[in-house]
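Student: Sending over a structure as structure tokens; questions will come in a sec.
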Amino acid sequence: MIIRSPEPEVKILVDRDPIKTSFEEWAKPGHFSRTIAKGPETTTWIWNLHADAHDFDSHTSDLEEISRKVFSAHFGQLSIIFLWLSGMYFHGARFSNYEAWLSDPTHIGPSAQVVWPIVGQEILNGDVGGGFRGIQITSGFFQLWRASGITSELQLYCTAIGALVFAALMLFAGWFHYHKAAPKLAWFQDVESMLNHHLAGLLGLGSLSWAGHQVHVSLPINQFLNAGVDPKEIPLPHEFILNRDLLAQLYPSFAEGATPFFTLNWSKYAEFLTFRGGLDPVTGGLWLTDIAHHHLAIAILFLIAGHMYRTNWGIGHGLKDILEAHKGPFTGQGHKGLYEILTTSWHAQLSLNLAMLGSLTIVVAHHMYSMPPYPYLATDYGTQLSLFTHHMWIGGFLIVGAAAHAAIFMVRDYDPTTRYNDLLDRVLRHRDAIISHLNWVCIFLGFHSFGLYIHNDTMSALGRPQDMFSDTAIQLQPVFAQWIQNTHALAPGATAPGATTSTSLAWGGGDLVAVGGKVALLPIPLGTADFLVHHIHAFTIHVTVLILLKGVLFARSSRLIPDKANLGFRFPCDGPGRGGTCQVSAWDHVFLGLFWMYNAISVVIFHFSWKMQSDVWGSISDQGVVTHITGGNFAQSSITINGWLRDFLWAQASQVIQSYGSSLSAYGLFFLGAHFVWAFSLMFLFSGRGYWQELIESIVWAHNKLKVAPATQPRALSIVQGRTVGVTHYLLGGIATTWAFFLARIIAVG
């Protein structure tokens, strides 16, 4: 920690009225670019308009102006998010069976969309129970609302209106902070102040207010709901907040107020701030008292963290000092210079944030099923599957985005003249060693993981089950994973003496939790089948990383194209007369990385979907006998490629393929349509530009003959544009196909 003389008191951190508000200018397409603003000569114009509209770097090189545009755009983004949330709450208020679901969440399905009968599509309104007909939703909003203590549709209306007000406020803020009071560059670069405010304000006070809401509103209301009290009889949130006696009836220590807090007699609060672990047997969700305790603890941590960085008071940590002190034995100057990179290149900053947020999103996916946070979430299998799949896809996209912006940083913002012998320079100088080793790892993993399956398929085809890798023949048990499971299952008695149960039932060690005759969670066994598919996960992840990392490390130069930096982030080839230099731009690596990200995530969600249906989800009889949805067939069927095709893809696609004429028929149509969208992508990916240009010339000739030729000249898509359209339809088609396949299946059987 370094103590410096305090900085001068008053800093002017905004410019007043920097840019006038002009609707005339905005109405002109391409106003941000001299070339595009001239209007279209060829059809390429519309593609350039879309490509460059949000590429603020191409509008100006002034970092302050770029920063203001990004800042303003963030408010626009928040406005859209509030608008979307408002729509979700409005549907809950206007078109849903929320109040009915609240009274009987085990027998009534959540629905918040009722289809209007226009051409007979009211068939989609299935019977979700309780006499309500609508589309079953799998977003988890009902469970979230119950956990928040929302007991009526009126409360949802109010929240929806509140979100609209916030959306308007955000739109105003976006305009105000660009046109009326725009922050100076120094404000965007003041990282210590930003850290303090974000840590203490957003994360600290945000968590504290949520903990407060949970203690004063959610806990008492859920206490009543769990006891079977009619939601209409339960006091309203403001009554709990204003009347301490009401709370004291449920939690006697409330009568003492804040005295135990100030007298350090904190154990008095153990009634509603618990450390139980495991799941509430009534709802199959985490104990809400544990969740409140968790948010309170998180709030304390972040409030402290938000006071650690040096600003006007000359005390605390400085980010620059921390980074420059960070030197390892093999990394030369270490992190010296990273501070300058991260305060002058928003692409570098964004890249780090995307990598961390993407990883965090995938962590969320894995916790949503192993530690289901909301009441009745664990037994809503459609929602569980949707939440896992959604967070996996989002995480995958964010991580590819991290590589994209790292490469843009390398091309546009990296200055090799000022970087010598720091961490980044060291990595770039031995990039060949990194990439060739990574390539070797990919080859090893690919041949060995796939080879295990091929061996099993061959032995199975030859009728030699005793020679297969399986739990009943040659075992390949995941011993490390089982050891980790065991360690966590035993933790309450050993490493976590304060907890009564382990963090998740998935580790093992406990009895299954069932709600309303359905399994919420049970110890998840791991065996040879999991060992095999986990190595496929390792393979696909490493290949994705290989492609993306190669794109970043060779973004500026390579042996093939030493002057790559001059060609920019995306270019088709290194000019005419240099064969074999196509698809080498940093953009192309992102393009290729997206396909492998899609491979990787697909295997993960297929593994999850089948494993849960086979070994976890199912019903339980009065005698305590569990019947799983697919009867535990994962361990023996998923060990061959044929098993995956026959017993997973084909067997479980029967619901979506046979959905016509039922309330699930929309999924059948989506399944078909999304296959078409996916196939359409191949037309762009497997075809050359010249083919289309020739075809266009011929069509233009016909138009000229008929004297209906347009003023704007038609042009074939450029190579990069064609690939963009291709990968977009490939991913969109693939994801929508998977969505229809999963949901038709799980809504029918779950």
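Cβ atoms are placed via backbone N, Cα and C, with glycine included.
Take a look at what Swiss-Prot says about it:
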- CYS573, CYS582: [4Fe-4S] cluster binding site (BINDING)
- HIS675: chlorophyll a' binding site (BINDING)
- MET683, TYR691: chlorophyll a binding site (BINDING)
- TRP692: phylloquinone binding site (BINDING)
- 70-93: transmembrane segment (TRANSMEM)
- 156-179: transmembrane segment (TRANSMEM)
- 195-219: transmembrane segment (TRANSMEM)
- 291-309: transmembrane segment (TRANSMEM)
- 346-369: transmembrane segment (TRANSMEM)
- 385-411: transmembrane segment (TRANSMEM)
- 433-455: transmembrane segment (TRANSMEM)
- 531-549: transmembrane segment (TRANSMEM)
- 589-610: transmembrane segment (TRANSMEM)
- 664-686: transmembrane segment (TRANSMEM)
- 724-744: transmembrane segment (TRANSMEM)
Student: Out of TYR691, TRP692, give me whichever of these binding-site residues has the highest number of other Cβ atoms within 10 Å.
Tutor: TRP692
Student: May I ask whether the transmembrane segment (70-93) has at least three C-beta pairs under 8 Å with the transmembrane segment (385-411), counting pairs 6 or more apart in sequence?
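Tutor: By the criterion, they do not touch.
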Student: Counting Cβ pairs under 8 Å that are 6 or more apart in sequence, does the total for the transmembrane segment (291-309) and the transmembrane segment (346-369) reach three or more?
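Tutor: These two stretches do not touch.
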Student: Give the helix, strand or coil assignment DSSP yields for HIS675 (chlorophyll a' binding site).
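Tutor: In three-state terms, HIS675 (chlorophyll a' binding site) counts as helix.
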Student: Among the recorded stretches 70-93, 156-179, 433-455, 589-610, 664-686, which has the greatest number of Cβ pairs closer than 8 Å to the transmembrane segment (724-744)?
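Tutor: Per the Cβ under 8 Å count, 664-686.
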Student: Note down the number of other Cβ atoms within 10 Å of the Cβ of CYS582 ([4Fe-4S] cluster binding site), including every protein chain shown.
Tutor: 13
Student: Using a Cβ cut-off of under 8 Å, list the residues of the same chain at least 6 residues beyond the transmembrane segment (156-179) that approach it.
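Tutor: Distant Cβ neighbours of the transmembrane segment (156-179) are 17-21, 68-69, 71-76, 78-80, 82-83, 85-87, 89-90, 92-94, 98, 145, 150.
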Student: Taking 10 A as the limit, how many CB atoms besides its own sit near the CB of HIS675 (chlorophyll a' binding site)?
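Tutor: So the number of other Cβ atoms within 10 Å of HIS675 (chlorophyll a' binding site) is 15.
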Student: Report, as a single number, how many Cβ atoms besides its own are within 10 Å of the Cβ of MET683 (chlorophyll a binding site).
Tutor: 13
Student: To the nearest whole angstrom, what is the C-alpha distance linking TYR691 (chlorophyll a binding site) and CYS582 ([4Fe-4S] cluster binding site)?
Tutor: 17
Student: How long is the line from the C-alpha of the residue listed as 'phylloquinone binding site' to the C-alpha of CYS582 ([4Fe-4S] cluster binding site), rounded to the nearest angstrom?
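Tutor: Cα to Cα, the residue listed as 'phylloquinone binding site' and CYS582 ([4Fe-4S] cluster binding site) are separated by 19 Å.
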Student: Given a Cβ distance threshold of under 8 angstroms, which distant residues of the chain, six or more beyond its ends, lie next to the transmembrane segment (195-219)?
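Tutor: That would be 147-149, 237, 240-241, 247, 250-251, 272-273, 288-289, 291-292, 295-296, 298-299, 301-303, 305-309, 311, 319.
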Student: How far is it from CYS582 ([4Fe-4S] cluster binding site) to MET683 (chlorophyll a binding site), counting Cα to Cα, in Å?
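Tutor: The Cα atom of CYS582 ([4Fe-4S] cluster binding site) is 19 Å away from the Cα atom of MET683 (chlorophyll a binding site).
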Student: DSSP three-state call for TRP692 (phylloquinone binding site): helix, strand or coil?
Tutor: helix
Student: By Cβ distance under 8 Å, which residues at least 6 away from the ends of the transmembrane segment (664-686) in the same chain are close to it?
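Tutor: Contacts of the transmembrane segment (664-686) (Cβ under 8 Å, skipping residues fewer than 6 from its ends): 123-124, 126, 135, 655-658, 717, 722-723, 725-730, 732-737, 739-741, 743-744, 747-748.
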